[in-house]
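As annotated by TrEMBL, region 'Disordered' applies to 1-26. If you look up TrEMBL, you'll see 1-12 marked as compositional bias 'Low complexity'. The domain 'Large ribosomal subunit protein uL30 N-terminal eukaryotes' annotation in TrEMBL covers 14-85. Taken from TrEMBL, the feature coiled coil covers 40-67. Residues or ranges marked as domain 'Large ribosomal subunit protein uL30-like ferredoxin-like fold' in TrEMBL: 91-140.
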Amino acid sequence: MSQKKQQMQVEQKVPENVAKKTVRDTKLREAVAKRRTERLAANKTRRAQWEKNAQAYEAEYKAADKSLVDNLRKAKTEGGFYVPAEAKLILVVRIRGINTLNPQVRQTLRLLKLRQLHNAAFVRVNKATIEMIRKVEPYVTYGYPSRAVIKNLIYKRGYAKVNGQRIPITNNNVIEQQLGKVGIHSIEDLIHEIVTVGPHFKEANRFLWAFKLRGPRGGFIAKRKSFINQGDWGNREDLINDLVKRMI
């Protein structure tokens, strides 16, 4: 009786299209899992390299500060003077609007990336940029930014210029995609390039959108007077850091 039942049972086969779909889906899942594993491993390696670079930069900054202090102490002990190296970077902040603005001044402000009130931008010190700043001096204030101010500006107010669009710098991937070809892969690499005015400063500075700052806490003193005449516009040298801290 049992043999008869077995003969009556119809052998069930998996349809060919279902079998092919199962094999295909299995291969796709394996490929996705493999790519994910490779991506996680690559990200881990990149993060380790970024951290290593950041530590190297920090050691370089500390060594430079120590060298400065040592040279100052040595000069004081010997009864002489120590003159630090001239600044290679200027931070320019626009403090006046567009009313009664000369077309040549407006064009120069655009070249400096200062299109709006309270915009700020980094400028490399050379003869051409000094002449440009002098042309628009009554409309801007400028000086030599400290390393801490540069870092705060990029971290807190930094935006990238990607295909003409203002993109927030939310992770290092944005930087690596645009500047990886010149060896800048992380935000610490970007800060180091700006601070040291390195060989790829032009690309790094072009990558950064002009910083949009707010009005300084406590306000300005007198925008129509120069800084040396108890006003606001003009060269502040190191005192630009105090103003920018009130504007971030």
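Placed from the backbone N, Cα and C atoms, the Cβ positions cover glycine too.
Keep in mind the model is a prediction, meaning the values are calculated, not measured.
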Helix, strand and coil residues within the domain 'Large ribosomal subunit protein uL30 N-terminal eukaryotes' (14-85) as assigned by DSSP: 62 helix, 0 strand, 10 coil
DSSP helix/strand/coil residue counts for the domain 'Large ribosomal subunit protein uL30-like ferredoxin-like fold' (91-140): 21 helix, 11 strand, 18 coil
Rounded mean pLDDT for the residues that make up the coiled coil (40-67): 90
